[in-house]
Amino acid sequence: MDFDFSAVLDSWQYLAGGLGLTILLSLLTVILSLIFGIAVALGRMYGPRWLSVPLVFYIDSMRAVPVLVVLIWIYFALPIVTGISLPPFWAALVALTFHICAYVAEIVRAGISSVRAGQTQAGLVLGMSEAQVMRKIILPQALIRMLPSLGSIVSITIKDTAIAAVIAVPELMKRTETVSGQSFRPMEAFTVAMVVYFLILFPATRAIDLIYKNIAYRGRS
Amino acid sequence: MSTVAAQIQNRKNADQTPVVEYRSIRKQYGEFVAIGSVTARVNKGEVVCLIGPSGSGKSTLLRTTNALEQIQGGELLFDGKPLPASKAGIRQVRQRMGMVFQNFELFPHKTVLENITVGPRTVLKVSEQEARKRAVALLDKVGLADKADKYPANLSGGQQQRVAIARALAMEPEVMLFDEPTSALDPETIGEVLNVMKRLAEEGMTMIVVTHEMTFARRVADWVVVFDRGNIVEQGPAAQIFDNPQAERTRDFLSHLGWDG
């Protein structure tokens with residue numbers, strides 16, 4: 001069988017639009033997961049029992065359920081149960097964030113725990129409150145220490161956005177399927193998608209590693 | 001030789017309210033008694049050194065001073081008043097006490113200058129400009145004016161500890177607490193830290209110093225408290241403790257360290 005990429009490459013603008021949506025969905029997911037992940041980790045570590053118990057349940061259940069199931073449930077079952085119906089893009093964003101956030105929360109928790117107690121004491125003896133110590137002293141160091149793990153989260157998120165295709169979010173994967181169907185060139189279409197994902201992800205993970213190597217000393221107390 | 005009462009009378013600023021007063025302090029971790037019952041005072045402008053073997057309770061006592069450790073018995077007075085019970089009250093007291101740790105505990109994500117300004121900026125709400133000005137002056141004082149924009153990781157242990165002293169001084173404390181400030185240092189950098197502390201003492205700073213540096217204690221301390229197994233075995237002027245110790249335990253401890261007067 002001969003490969004013929006011409007039909008696929010003719011659709012580059014259509015595919016590029018899909019890639020744009022993939023990147024947008026990934027960025028929003030990572031940012032929201034980081035914000036909520038920090039909140040969940042802090043709630044689990046320092047919150048009252050009535051808060052920490054359900055948060056642990058949430059984290060454990062998200063790690064036990066495939067993200068595809070979460071997505072389908074939020075898109076199809078949530079409207080039936082609650083009457084709230086989300087458009088595909090927003091359903092994908094909620095599902096991905098809900099899922100990724102649990103992993104981020106665990107990374108944040110490990111990062112905070114790894115900063116030694118002396119750092120907290122050094123902040124406290126200056127007269128800082130516990131909240132100020134967390135915000136100014138502990139979290140910044142923890143975030144630097146977490147960078148390699150957050151790099152993995154970024155690549156997992158970008159790859160996970162491909163599942164949004166099942167609810168017809170017009171991101172890279174969905175548009176690849178469309179091109180594949182219209183051109184009768186599935187091999188070529190998915191090869192292009194593979195190369196594009198790789199070209200985005202490979203430099204992204206390398207870049208995060210490089211940044212970490214250059215600032216790791218700022219997280220070492 | 002003078003009596004104990006006369007010695008206490010002769011202490012620096014003995015007629016004024018002590019900066020810190022420990023009254024029958026007791027500290028336990030569960031069943032373990034870290035401090036049995038300790039009574040001591042620190043007058044304004046005095047350098048008080050706490051010495052004794054490891055695990056004898058001297059660091060623990062120091063850490064009760066700013067409530068890093070809670071006491072189970074007795075009373076701790078700062079400036080004549082008991083330590084407050086509320087978190088806000090404790091924060092107020094901590095602002096007036098500086099503390100230097102064995103492991104420096106500089107903030108690795110902040111530059112040297114930021115390490116010194118973060119306390120005044122965050123806690124005292126001093127303006128950026130004012131905090132920087134003060135930090136630069138303090139860095140000059142500890143001989144590290146050229147390191148302002150470096151990160152702690154780029155400094156030697158001795159330099160880090162001098163920055164830590166500057167960080168504590170930036171809060172303009174009424175008393176400085178030193179918890180074995182030279183124990184984690186290479187021998188060749190110990191001197192630079194002790195020199196900074198000595199100059200601070202000469203300027204009249206009230207200091208409580210937990211240390212194994214006997215030469216420093218002998219030369220700089222006004223008053224020396226000797227600990228063993230959670231209690232004070234002896235306290236007195238440095239000259240007495242080192243040249244004419246009264247307690248058998250003090251003589252043992254000093255001879256173990258190779259102190260020959």
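For all residues, glycine too, the Cβ spot is worked out from N, Cα and C.
A TrEMBL annotation is a machine prediction, not a hand-curated record.
Owing to the predicted nature of the structure, the values given are computational and were not obtained by experimental measurement.
According to TrEMBL, the protein carries these features:
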- A:19-205: domain 'ABC transmembrane type-1' (DOMAIN)
- A:12-43: transmembrane segment (TRANSMEM)
- A:55-76: transmembrane segment (TRANSMEM)
- A:88-108: transmembrane segment (TRANSMEM)
- A:142-169: transmembrane segment (TRANSMEM)
- A:189-212: transmembrane segment (TRANSMEM)
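Three or more CB pairs closer than 8 A are found between the transmembrane segment (A:88-108) and the transmembrane segment (A:12-43), so contact between the two stretches is assigned (pairs 6 or more residues apart). Of the candidate ranges A:12-43, A:142-169, A:189-212, A:142-169 has the most C-beta pairs within less than 8 angstroms of the transmembrane segment (A:55-76). A Cβ distance under 8 Å defines the sequence-distant neighbours of the transmembrane segment (A:189-212), meaning residues of its chain 6+ beyond its ends; these are 3, 5, 8-9, 15, 19, 23, 144, 147-148, 150-152, 154-155, 158-159, 162, 172-173, 176-177, 179-180, 183. Long-range contacts of the transmembrane segment (A:12-43) within its own chain (CB-CB distance under 8 A, at least 6 residues past either end) are made by residues 51-52, 55, 58-59, 89, 92-93, 96-97, 100-109, 112, 134, 139, 150, 153-154, 157-158, 161-162, 164, 169-176, 178-179, 192-193, 196, 200.
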